[in-house]
């Protein structure tokens, strides 16, 4: 049964299968039909790093599939405070559950967990590295709003150095051949040259631009991230860049009529709240999609579909 640790663990066919399954789940919910795909299964949720939306949506997803859930939140709530290693924690959870969902502040922690565990591991965010289920949610919403994922123009805006959501989103896009992807970030938040080269080597038509204003008339999708304050090694560096960009309603009005704006949330001050009431806002669609997409991912990883 497959892990979902890196978005590149999934090929295009896998992603489309998850999207189609999520659509079926939404249809079932609309018609009050229950799907107990994980009945008599146990899903362990190890959330060492703080989380609200991701943890709650995984809990709800597992419960809607009729699974039992075991939730460990924060280092203080686990045996880590007693000195237990991540290795031992994963070993224990692997013996009493069928799937492990892990969120951790260390890059590569989910990959490590998958090497320790015999059962499937799903990465709910590991440091600044990746957040694969969020990228599935993001692409699911784009697909739903745009009727497909191919041949679109994207702008990815904000913290492109530390935001794992942006990193996973860009890697996921490599599967769908967008027409172009514009990266817009303050100098200190630009992606590394190594990551840019990786994206280009996978065929992504990616361009760094200084101003969103210069490309917004041609863009179909804008993906915005907050500045990841908690990931800065030096707090004074965060102070220099906080508030350095904002997507305003006036700026959005300069784009296409069917332009959509995504944001993985939470937001701080980088996204104008006036956009919320316009057809451009797709970020609350992302919240709504989080449960069906994560239900589909859990079922796929468990091998029941």
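Numbering starts at 1 and runs along the chain as it is shown here.
Using N, Cα and C of the backbone, Cβ positions are placed for all residues, glycine too.
The shown structure was predicted, so the numbers you read here are calculated from the model rather than taken from an experiment.
Swiss-Prot lists 53, 54, 131, 134, 265, 266 as carbamoyl phosphate-binding residues, and of the candidates 103, 161, 179 the one it assigns to that same site is 103. Taking the mean position of the Cβ atoms of 53, 54, 103, 131, 134, 265, 266 as the carbamoyl phosphate site, the remaining residues of that chain whose Cβ falls within 8 Å of it are 51, 52, 124, 125, 165, 264. Taking Cβ-Cβ distances under 8 Å and a sequence gap of 6 or more within the same chain, the neighbours of residue 54 (carbamoyl phosphate binding site) are 47, 103, 124, 125, 131, 133, 134, 290. When the binding-site residues 53, 131, 164, 226 are compared by the number of other C-beta atoms lying within 10 angstroms of their own C-beta, 53 comes out lowest.
Neighbours of residue 266 (carbamoyl phosphate binding site), defined as other CB atoms within 10 A of its CB across all chains, total 8.
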